[in-house]
């Protein structure tokens, strides 16, 4: 079935749907990972985005339950050069087309993904529409222009949980948290309050491996309830959308950093930046992929990192805050810490999924910060 992709500037490509009849829109981006398509599809941070895979053959190893990063698919669409219909992998339980159809998400192959990637690299990520129903590019261009821009758009409410939950036995578990915030911890690790703005499950796995007992809570979980919970630290998760729009969450973080040790990844890092007086700017085409070089300024160590963000933190000489990590491709900020408060954060994804594990040590670094804070 023919599918037409049209960007807001009129750039047009023709492909073929491998998931049936549809029309959908969103911000069109590209990711440079050769693998990890299932993790990308199920990462809530990709909510509202149509993802172009730069590697030409996608779906070779199928899909499986173990590679899920949430309970569903959040990408608006998957754009590939060629989709493999018959995977070869002993772990696979479903082909990529079957997986996409199960979650009712569009997939398109036969696109010139190289041309699309070059266009986005030169002109920036932009809104687009892909349709099997409308054949007039001018009509689809107007529809693309009518879509909300990512800048200024709060997408967290679409992916955040409505009530608290725990993570153990490698799964989400229902729990009861009292009205005042008090909670009966299981005693399996250091109590950690996790603000879920659209978290990846592998972050929760890595927190457990680092010796934490995570309790995930919705974005509206108040500082008073956080204090009453008995948690020894706070973790702020990844998530979609423009961080500058999350004014109530920024105010929340501003209080939390004076109560407990705090760390964050991706959107959580950006919220910490805002709370400390920094600002965020939108990147031209974002950082999406498993091969971004980062330098840890505290050790001089170079890491290859997994990244997925369209915004970045700009410090602008913020008092008492220093950079800890920098991206070696474009020199943008990848990590920060407060000089006196037990606060640190990272823009990239040390939990990987998919990607290299060079940054896993940072979960233990935060645990050490909590220990030092408790002993102070």
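Placed from the backbone N, Cα and C atoms, the Cβ positions cover glycine too.
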Taking 45, 70 as the options, which does Swiss-Prot list with 239, 241, 267, 270, 308, 310, 311 at the L-glutamine site? 45
Show which residues of the chain containing residue 351 (active site), separated from it by at least 6 in sequence, have their CB under 8 Å from its CB. 200, 202, 203, 205, 206, 265, 306, 360, 363
A correct count of other C-beta atoms within 10 Å of the C-beta of residue 311 (L-glutamine binding site) gives 23
Give me the non-local Cβ neighbours of residue 310 (L-glutamine binding site): same chain, 6+ apart in sequence, Cβ-Cβ under 8 Å, ordered along the sequence. 27, 29, 125, 150, 282, 283, 286
Cβ-centroid neighbours of L-glutamine site 45, 239, 241, 267, 270, 308, 310, 311, 8 Å, sequence order: 238, 240, 242, 243, 266, 309
How many Å lie between the Cα of residue 267 (L-glutamine binding site) and the Cα of residue 349 (active site)? 11
